[in-house]
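So the structure is just underneath, and the comments pick up after that.
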Amino acid sequence: LQMLALLWMTVTVVAGGVPEGAVQFLAVGDWGGVPDPPFATPREVATAAAMGRAATDLGADFVLALGDNFYYEGVRDEWDPRFQETFERVFTAPGLRELPWFVLAGNHDHAGNVTAQLAYGHHSPRWHFPHYYYSLRLSLPGTNASARLLMLDTVLLCGGGDDFGVGGAPKGPQDVGAAAAQLAWLRGRLAAARHDRYVLVAGHYPVWSVAEHGPTACLVRLLRPLLRRYRVTAYLCGHDHNLQFLEEGGVGYVVSGAGNFVEESQHHSGAVPPGSLRFFFGAPASPGGFAHLRLDAHAATVTYLEATGRVLYRVALPPR
């Protein structure tokens, strides 16, 4: 019964005193360090510092963690030292220290113990991971408008897959019933969000990507029709270790997987809809990157930042 209660859990996020009525957050994927000392990579450290500066300069109400939170095999239990070494001691910039993190799981997290990551919320005031998939309601301050952020577990939906070439694409869910239940939940949440000004969906695997992994066939089949039918503003993901923006059928596709590794391959550039790729950044010498999102009455603005602080690309998506 408790499990069912969690399924319907909605967390309401109230933005911190931005006068002109905006909700702002940082989106970073594939940020999870490495299993050997010092556990955080130079890129993760640089990205964390830049996220702190962005939170202070641009404003941020929370951080969206897009999976692969702990390389390469997740965590063992809720007391795993990796929570300290790769998370708590790295994201320490003043602008970040007070922000809640809303977390979803990636394939490397599923290689370990995801329930331990759920339980870690009891140990840390800033780690929020109430269920494998859940809904966030964002109210735009100073307006009567709201936005919805739906957090998915694409590994439970599509199956495990390996980064770094071996094992390849997800082979289908381990538990078909659990995958169907998640999809039914998503349909219900999307239908219920019809009055929200913006609807964002987040998962680890990409729907569209030109990079190493490319599109996720399972999500193109199951998720893409729902994103279009319910006029979702954007889908956010990681998995491919770069920054991308694609647009197809009125839906924005935000890939932010450059928190710890950066790869330049555009091996799947022929596998996305023609003309859909608007921006790609994967310079191997780069110190990493992430996205900043700002939702206000007029637009959902996505800004891609390199860990140097340089603005790489910015796009404004209209209200629904």
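Each position is counted from 1, following the chain as shown.
Positions of Cβ are set from backbone N, Cα and C atoms, glycine also.
Taken from TrEMBL, the feature signal peptide covers 1-15.
Confidence for the domain 'Calcineurin-like phosphoesterase' (25-242), expressed as mean pLDDT, is 94. Under the heading domain 'Calcineurin-like phosphoesterase', TrEMBL lists 25-242.
Residues annotated as Fe cation 1 binding site in TrEMBL: D30, D68, Y71, H241.
Per TrEMBL, the feature Fe cation 2 binding site maps to D68, N107, H204, H239. Non-local contacts of H204 (Fe cation 2 binding site) by the CB criterion (under 8 A, 6+ apart in sequence, same chain) comprise G29, L66, G67, D68, L104, A105, G106, N107, D153, T154, V155, C237, G238, H239.
Positions annotated as N-linked glycosylation site by TrEMBL: N113. Its own atom aside, the Cβ of N113 (N-linked glycosylation site) has 18 Cβ atoms within 10 angstroms in the protein chains shown.
Per TrEMBL, the feature disulfide bond maps to C158-C218. In sequence order, P170, G172, P173, A179, Y205, T216, C218, L219, L222 are the residues of the chain that are 6 or more apart from C158 (disulfide bond) and have a CB within less than 8 Å of its CB.
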Distance [Cα-Cα, Å, rounded] between H241 (Fe cation 1 binding site) and N113 (N-linked glycosylation site): 23
Around the Cβ of H239 (Fe cation 2 binding site), the count of other Cβ atoms that are within 10 Å: 27
Neighbour-count leader, CB within 10 A, binding-site residues: D30, D68: D30
Which listed residue (Y71, N107, C218, H241) has most other Cβ within 10 Å, given these are recorded positions: H241
